[in-house]
2 protein chains.
Amino acid sequence: MVSIGVLGYGVVGSGVVDLLQKNGDKLRQKLGVDLNVFKILVKNLDKHKGRSPLLTNKAEDVIHEKVDIVIEVMGGIDPAYAYVKKALVMKKHVITANKDLVAAHGEELMALARENQVCFAYEASVGGGIPIIRPMTDSLAANDISQIAAILNGTTNYILTKMYKENMDYKAALQEAQRLGFAESNPESDVMGYDAARKLSILSTLAYDQKIDWKEIDVEGITHIDAQDIKYAKKLGCVIKLLAISKKKGDGIFAAVRPVMVSEKGPFGQIDNEFNGIMFQGDAIGEMMFIGKGAGKLPTASAVVGDIVHIVQNHKGKYGKVIVERKQPCHKWENPFQWMLRIKTDDRYKVMGSISELFSINNFMFDDAQDKGEVICVVEIENELSGYEKLRHLEAQGYIKGIKKIMKLEEIAS
Amino acid sequence: MVSIGVLGYGVVGSGVVDLLQKNGDKLRQKLGVDLNVFKILVKNLDKHKGRSPLLTNKAEDVIHEKVDIVIEVMGGIDPAYAYVKKALVMKKHVITANKDLVAAHGEELMALARENQVCFAYEASVGGGIPIIRPMTDSLAANDISQIAAILNGTTNYILTKMYKENMDYKAALQEAQRLGFAESNPESDVMGYDAARKLSILSTLAYDQKIDWKEIDVEGITHIDAQDIKYAKKLGCVIKLLAISKKKGDGIFAAVRPVMVSEKGPFGQIDNEFNGIMFQGDAIGEMMFIGKGAGKLPTASAVVGDIVHIVQNHKGKYGKVIVERKQPCHKWENPFQWMLRIKTDDRYKVMGSISELFSINNFMFDDAQDKGEVICVVEIENELSGYEKLRHLEAQGYIKGIKKIMKLEEIAS
C-alpha cells in the first residue's frame, strides 16, 4: 500500500481524492499496489463537515511518518512553502499543483528533494491536465530548445474566445467568465498576465537550464483589448490570444506575456475557451505542440495522479502485471457518420431515386467536370453495419457498376 | 559513466549517435554522468568503413557485460527480437524504435524486462519525436481513455498533403515522396495502412489495458484515393487523412485505419506532410492532442535519447545539479513582426503621412463604423526596439493624442 496525504480540499484536492476513488481499480492493476488516502488537511473542519472522515485541521496528521507521498494543493505561498519543506525533510515525496510556489521556490525545493533522495513533482502547475513538465524533463531532454510559445491561462483564453466569437466587450466577457467559475472574483492575476508569466518562467527555466524569474518577464495583460481591436483583427484573418513567449537569441533570452494577433488558421487560432496550447521548437524534434484542458478540477487532478503513478513506478519500484489479455477489436463504426458515395452507373436518375428512398439525409454533389456516368452524394449513416446493409440494397438494383465510399467524421473533425 | 550499445547504424542509429554527441554537454549537466557509446553493430563493416571507430559486426560486442543500455534500431523482427531478448536476460535496459517488434512481441518483452528488473522503453516506436508512450504510462495513467484518433503515418500524410495542396494524383505524389525519401521503394506497409495499424495497436493496448493485435485491426489504405475524391472533399470543406481510430463502446473496442474526410478547420485538418497528430479522450482530462514530427532521423533519435534520460534518471538514480544560475530575460522581440496601430488624432491626414514616411510597409484599414478620430494601420517592424523608436518620433509630432498597438506574429501564427 502507498499512503497519500493531501494538503487542501478545494477544487483540485477534492478532484484528486475523487479520481483516486473513481479509477482506483485501474490504478491498482497498473501499479500492483493500493493507493490509499491517509488524511486530508483543511483549514476549517466545520466548513467541510460530513464531506470525508479523513479530514483534519492539523498539518502533522498529513505530513506524517506513515505517509509516503504528500500532495500540496492548497495554493499560495504561505503556509504551502513551509509544509512542502517539512515534508521533503521528512523524506516524503511531494507533489504540488501550485504554480506560485514552483515559480517562487521551485529550484530550492528541487534541491531539497534531491538532498533527501525523494521526488518533487509539479506536472499540474503548468498546463493543467497536459503532460508537459515530465516530457520536458525526460522525453525531450535531448533537445536544445530554442523557443516556447503558449496559451497558458484558461481564464483569459475564455474571455478572448467570448469576445471573438460572440462580439462581447471585455467587461461582459469577464463577467460571464466569473459567473461560470472560469474567472475568480479578483481576476487580476489572470487578466494582467501574471499567472501566464509564472507558468512561462517554470517552462523556460526547464527549457533553457537557466532560472528565468517570473517577475522579470515583461507582462502585458488583456484588460485594454476592446471589441474594436477584435473586429480589426478579424479583418486581418487573425484572432487575439494572450501568448507567453520565450526565445533564445544568441546568449540572450527573450521572454514576455502579451496579447498577440495570430492567424485564425495557424496552430493557436483554434485553441479556444479553457484549452491551453504549448508549442516548442527543439533542434532534434523541430516544432511540437501539446493541446488540452489547462485548468479545472479533473484535468488538474489527472496531472497530480499522473505524478503519483510516476513516483510509485519509478521511486518505489512498484509495477502491476503486464497486460496480456487479448481483445478482438470490432471493425465497424457504431456512431452516426456520413459517407461520400461515388456510384458508377448508366442510369443516374434511377440511382438518385434509390438513394433518396434509402437514406434519410442526402446531398447530391454536381460538378461540371464530373464523369456523367457517376452519382456523387453525401449520405447520413446511423452506424456502419446499417450503412453496408443499405449499400447491398442499392447494389441489388442492377443498374449500378460500382460504389466507392469515403467516411466523413464530424465527431473527430470538430 | 553510462555505457550504451547500439544495434544498427541506419538513419535512426546514426541520429542517436549524432544527437548524443551534439547535445552531450547539456545531457552531462542534466544527468551528472557521461553517456558513452560503447560499440555499434552493423551487418557489413565494409559498407560503413571509416564512419566510426566503434563499429563491429559481432552482436556480442554490443550486448556486452560492460554495457548498461542496449539500443535496438535495426528494424524488423529477425534478428532484433533475439537480440533484445538476449540483452534483457543479461539484465541490460533496452530501448527500441522498432514498431514491428513492439507490435508483435511487446508484452512478452515487457514481462521479460520486469522479470529481470530492467526497463524496456519504446517511445520512438510511435509518433517519432512526439512524447506519447511515457505520457500514457504515467502522466495520463489516472484516466479511463475512451478514444484515440490519430495520424500516425508520415508517408501517407505527406502523399495526401501533396494531393490536397498541389492537386497531384496518387501516383505522382507517391513518386515525389519516394524521391525525397519520405516513402520507401516498396511503400506497401505505409500506403496500405499496416504501419499505422501497428502503431494503433501499441497505443490502444496501453490505453485500454487489453492487447489489441494489429493483425485484427480493420485496415484500409490510401491507394484508391484519387484526385477527384480530394476535389469533392474540398467542396465539402474537408481534407482526407489516413486516420487510426480506436474507441471503447460498452465492452467492445472498435479499431480501424481508414482514409477519413475531416474538417479543414478541425484538429486534424492542418496536420500536414510528415507531421503526426494524436488525440485522446480521457475521463479526467477530456480531449487532448499531441502534434509533432512523426518520423525522420533526429525526431526519432530525440525519442530514443529521451528514453536514455528516463532510464538514467529513474533506474540508475543519476541526476545532475539543480539549475540555479539566474538569467535576466530581455523584453524586446528581436525579429521582424507587425504592429496593428490605433492612433487617436484630430488630423488623420497628417498622421497617415507621417506613418508612410516612418514605416516601409504599411496598410491602412478603413472601417465605416470607425471613429473618425482614429487612424488604424498595420505596419512592418524590424525589431521591437526600432519600432518603439519610430513611435517616439510619431508621438513627438504633436497632433497625436494616443497610440494603441497590438503585436501580430507571422512566425508563431503560421
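Positions of Cβ are set from backbone N, Cα and C atoms, glycine also.
Since the structure is predicted, the reported quantities are computational estimates derived from the model, not experimental observations.
In this structure, A:K199 (active site, proton donor) is part of a helix by DSSP. Per TrEMBL, the feature active site, proton donor maps to A:K199.
Around the Cβ of A:G8 (NADP(+) binding site), the same chain contributes A:I40, A:L41, A:V42, A:E72, A:V73, A:M74, A:G75, each under 8 angstroms and 6 or more positions distant in sequence. Residues or ranges marked as NADP(+) binding site by TrEMBL: A:L7, A:G8, A:Y9, A:G10, A:V11, A:V12, A:G13, A:S14.
For A:K99, the entry in TrEMBL reads NADPH binding site. The 10 Å shell around the Cβ of A:K99 (NADPH binding site) contains 24 further Cβ atoms across the protein chains shown.
All protein chains shown were included, and the count of other CB atoms within 10 Å of the CB of A:E184 (L-homoserine binding site) stands at 13. DSSP assigns A:E184 (L-homoserine binding site) to coil in the three-state reduction, outside any helix or strand. Among the features that TrEMBL reports, L-homoserine binding site is placed at A:E184.
Confidence for the domain 'Aspartate/homoserine dehydrogenase NAD-binding' (A:8-123), expressed as mean pLDDT, is 96. Annotation source TrEMBL lists domain 'Aspartate/homoserine dehydrogenase NAD-binding' at A:8-123.
Taken from TrEMBL, the feature domain 'Homoserine dehydrogenase catalytic' covers A:131-309.
Counting other Cβ atoms within 10 Å of each Cβ, the lowest count among the binding-site residues A:G10, A:G13 belongs to A:G10. Under the three-state DSSP scheme, A:Y9 (NADP(+) binding site) falls in the coil class.
Sequence-distant neighbours of A:K199 (active site, proton donor) (same chain, 6+ residues apart, CB-CB distance under 8 A): A:K99, A:A103, A:S125, A:V126, A:G127, A:A150, A:L152, A:N153, A:A244. The two recorded residues A:V12 (NADP(+) binding site) and A:E184 (L-homoserine binding site) have their Cα atoms spaced 15 Å from each other. Here the CA atom of A:E184 (L-homoserine binding site) lies 21 Å from the CA atom of A:L7 (NADP(+) binding site). What surrounds the NADP(+) site, by Cβ distance within 8 Å of the Cβ centroid and not counting A:L7, A:G8, A:Y9, A:G10, A:V11, A:V12, A:G13, A:S14, is the set A:V6, A:G15, A:V16, A:V73, A:M74 from the same chain. Distance between Cα atoms for A:V11 (NADP(+) binding site) and A:E184 (L-homoserine binding site): 13 Å, as a whole number.
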